[in-house]
Structure formats: C-alpha cells, structure tokens
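Enquirer: For reference, the structure I am asking about is given below.
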Amino acid sequence: MGRLVMKFGGTSVANLDRIRNVALHVKREVDAGHDVAVVVSAMAGKTNELVEWCRDASPMHDAREYDAVVASGEQVTSGLLAIALQAIGVQARSWQGWQIPIRTSDAHASARILEIDGGELISRFKDRKEVAVIAGFQGISPQTGRITTLGRGGSDTSAVAIAAAIHADRCDIYTDVDGVYTTDPRVVPKARRLEKIAFEDMLELASQGAKVLQVRSVELGMVYNMPIFVRSSFDKPEDIDPHGTPPGTLICSEEEIMENHVVTGIAFSKDEAQISVRQIEDKPGVAASIFGPLADANINVDMIVQNVSEDGKTTDLTFTVPASDYGRARDTINSAKGKIGYARLDSATDVAKVSVIGSGMRSHAGVAAKAFGALAARNINIRAITTSEIKFSVLIDAAYTELAVRTLHTLYGLDQV
Ligand code: ASP
Ligand code: MG
C-alpha cells in the first residue's frame with residue numbers, strides 16, 4: 001500500500017465521459033489499497049476561453065480579477081470528478097486551492113507555491129479512506145486572502161507540490177501522450193519514448209520547448225526528489241494492472257538510471273526572436289548599456305554572441321529574446337541608443353532554437369562539434385550558439401527546424417530501430 005498523486009490534464013477531463021473514465025482510473029488505484037489525491041486541470045480549451053473573456057472585458061484588466069476568473073475552470077472539474085467518483089462508490093471530496101490551503105506568493109497569474117498543509121488530507125485518508133480531488137493551477141495569497149493562479153500549465157506544479165506535502169510515493173501525470181519522447185514524435189516519427197529520464201535532463205527539455213510538463217513542476221520534483229511518472233489517460237482503466245509497470249516515462253534522480261546515453265533528447269522552439277545591434281564602439285561597459293535596460297524591462301535574454309563588425313573596427317552584439325517580448329526589446333534598445341551608441345539595429349523573428357540535451361555530455365568531449373558538422377553538411381546556417389554543461393543550443397532559420405531536429409536525432413543515435 002502506498003500513497004499516490006494522480007494528475008489529469010485538460011484533454012483527460014474534456015467532457016463527462018472522459019471524467020467518468022478518469023474516475024475508473026482512480027478507483028483502480030483505490031481498490032489496490034492506495035491513498036489517492038487527484039489533481040485536475042480545467043476541461044481542454046476552457047482556460048483559453050476564460051483568458052479571452054478577460055481580454056475582451058478589458059485589455060488592461062486587474063490581475064487579481066483575472067485569477068478569480070481563470071481559476072474557475074478547475075473548480076468545475078474537481079467537483080464533477082468528486083461526483084463521478086461517488087457515483088461509482090468511491091468516497092471523494094473536492095478541494096479548491098484556498099480550502100487546503102495552498103499558500104502562494106501574491107504574484108497574480110504567475111504565483112509561486114510557498115507552503116501546503118497536507119495534514120488534513122492525510123488524516124482523511126486514515127479516518128475515512130477518502131480520495132481528495134484537488135483543483136490544480138490555483139492557490140491563495142495569505143497576505144491578501146485572494147485566489148491566485150500559478151501560470152499556464154500550472155496544475156502540473158500543483159500536483160508535484162501536493163505529492164511532496166503529503167509525502168506521496170509517486171506523482172503520476174496522466175496526459176494525452178504515453179510519456180516523454182526523445183523529441184516531438186510529430187516532427188520525428190522515429191522518436192523513442194524514454195523509460196526513465198533524470199530530473200536535470202527533463203528540466204532542460206521542458207525549458208527548451210518540450211511541452212509535456214510545466215518547468216516549475218520538474219524543478220519541484222528535483223528539489224523534493226519526488227518521482228514523476230508521465231503516462232497516458234487514454235489507456236483503458238480495466239486493462240491496467242495496478243501492480244504492474246504500465247507504459248510511461250519515469251522522471252527520477254540520475255542515480256536510478258542505469259543506462260546513460262550521452263544525448264537524451266532534442267527540443268526546439270520557434271518562439272524566438274533575434275536582435276543584432278550593429279557597429280558599437282568596442283569598449284568596457286557596452287554590454288551593460290544594452291542588457292541593463294533589457295533586464296530593467298524584465299526581458300529575458302537567452303543567447304548572446306559578440307563579434308567584429310563589417311568595418312573591422314567596431315563590434316556587433318547579437319542576442320535572442322522570447323518572440324512575445326520582441327517589440328518591447330526593440331523599443332528598449334532604440335530608446336537607449338544615445339547611451340549605447342550604435343549604427344543599426346537588425347532583427348529577425350523567423351528563427352528557431354534547437355537544443356541538444358544530455359547529462360552524459362558532462363563526461364564526453366566533442367558532442368557539439370559533431371552537430372555543427374552535420375548541420376553544415378545539410379547547408380543549415382548557424383546564427384548563434386550557446387552551451388552549458390549538459391546542453392547546447394543553435395539558432396537557425398525557422399524554415400530548417402524540422403530538418404535540423406531530424407538530422408541531430410539520427411546523428412546521436414536516438415532513432416527508434
Ligand atoms: N488549466 C490551466 C491551463 O490551461 C492549468 C493547467 O492545465 O495546467 O493553463
Ligand atoms: Mg499541461
């Protein structure tokens with residue numbers, strides 16, 4: 001007997017039939033003798049709709065009211081699932097964030113979880129054998145007593161945080177795919193499902209564009225060493241042996257992974273923009289004059305390259321920002337032109353970042369060099385490069401994204417045989 005958190009995403013609770021199916025998954029684990037807390041998302045598309053309503057009501061709306069509106073999607077699904085469970089004879093009670101409570105910062109629309117009191121849930125497991133159905137994505141700010149939300153995709157983070165708070169043995173994330181793949185299978189049909197992946201590798205995959213899990217949930221998993229199992233909610237509940245090993249991907253600590261490949265996976269993101277500041281005088285303080293104002297404007301700069309300008313005397317600085325910040329970043333540089341002193345601003349939004357990730361890179365040399373050769377052979381021009389201990393990324397023309405991902409997937413031996 002153990003304690004489990006089961007999290008179901010939007011497509012898994014998209015309508016009443018699906019919710020009934022989720023109830024059967026939950027019943028299976030309860031019947032196997034586990035204490036179960038369930039975390040649900042809103043029905044697929046619901047949160048988008050609620051966000052749109054806020055925008056339509058007023059483009060400059062109050063973030064506290066945005067949270068009051070968008071948190072409602074999860075309120076509905078948690079109540080409905082509790083009803084569906086009761087209807088098949090499983091004791092269940094729904095909980096909203098404020099009722100647990102899940103205490104968060106007051107950064108509305110992107111709040112961080114500060115503390116969760118798991119005591120009440122644990123005692124209800126003991127006294128009543130009652131399943132807790134918890135609304136994901138939401139919490140309460142203790143200072144203001146108002147409802148907060150954790151940022152889009154935040155119910156993954158709710159699930160892992162609750163798993164840590166109730167000392168669960170595992171956090172199961174049920175979704176519309178059956179695990180984490182070496183890359184997006186829609187782009188590379190030969191992508192393989194990973195049996196296990198280390199927290200660190202998963203963190204990089206998620207940060208670099210893989211959309212399976214919210215980044216913050218993986219961070220929490222790593223901090224609390226909470227194993228996260230990504231699996232499909234479309235597997236028939238009655239076909240699953242609760243004591244067996246269903247298909248999925250276990251995200252766990254590196255020590256638990258016996259077979260370590262140098263490269264674990266390849267992520268890509270087209271939500272990038274490139275800005276090049278041309279012909280700046282090459283002297284101390286120039287980088288600060290550019291990146292200082294960007295930081296003040298809360299714009300995240302990712303890749304940075306400095307090189308000699310065409311004239312051979314001055315320097316060019318190229319960097320990337322999220323596509324959504326592109327306009328603001330250009331404006332920020334433009335208004336600092338007097339201080340920076342440059343000749344021209346060039347930019348491109350049809351760029352993509354392709355990242356190769358693997359903690360095995362720590363102990364292997366020449367992993368990136370191989371990629372540069374392979375991309376050159378395909379005539380793919382690299383605009384910028386960044387590297388870290390377990391990852392490197394290249395910025396390329398967006399039109400070549402698929403080709404680059406496929407080339408690298410094959411190069412590093414990730415193709416399914
Ligand atoms: N419903 C929220 C969203 O769509 C939270 C989640 O599903 O994780 O972002
Ligand atoms: Mg999600």
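The first residue you see is number 1, and the count goes up from there.
Note: Cβ is positioned from N, Cα and C throughout, glycine not excepted.
Keep in mind that TrEMBL annotations are predicted by a computer and have not been checked by a curator.
So TrEMBL has the following annotated:
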BINDING   LYS7, PHE8, GLY9, GLY10, THR175, ASP176, TYR181, ARG186, LYS211, VAL212  ATP binding site
BINDING   THR47, GLU74  substrate binding site
DOMAIN    275-359  domain 'ACT'
Enquirer: Which binding-site residues, if any, among LYS7, GLY9, GLU74, THR175, TYR181, LYS211 have a Cβ under 6 Å from ligand 2, given in order along the chain?
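Expert: Near ligand 2, sequence order: GLY9.
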Enquirer: Measure between the Cα atoms of every pair in LYS7, PHE8, GLY9, GLY10, THR175, ASP176, TYR181, ARG186, LYS211, VAL212, the residues the record assigns to ATP, and report the largest value in Å, rounded to a whole number.
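Expert: Overall maximum Cα spacing for these binding residues reaches 24 Å.
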Enquirer: What is the one among the binding-site residues LYS7, LYS211 whose Cβ has the most other Cβ atoms less than or equal to 10 Å away?
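Expert: Of the binding-site residues LYS7, LYS211, the highest Cβ count within 10 Å belongs to LYS7.
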Enquirer: Among the binding-site residues LYS7, THR175, TYR181, LYS211, name every one whose Cβ is found under 6 angstroms from ligand 1, counting any of its atoms.
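Expert: By the Cβ criterion, which requires under 6 Å to ligand 1, there are no hits.
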Enquirer: Tell me, how many other CB atoms lie within 10 A of the CB of TYR181 (ATP binding site), whichever protein chain they belong to?
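Expert: Step by step: centre on the Cβ of TYR181 (ATP binding site), count other Cβ atoms within 10 Å, giving 23.
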Enquirer: Looking only at the domain 'ACT' (275-359), report the model's average pLDDT.
Expert: 95
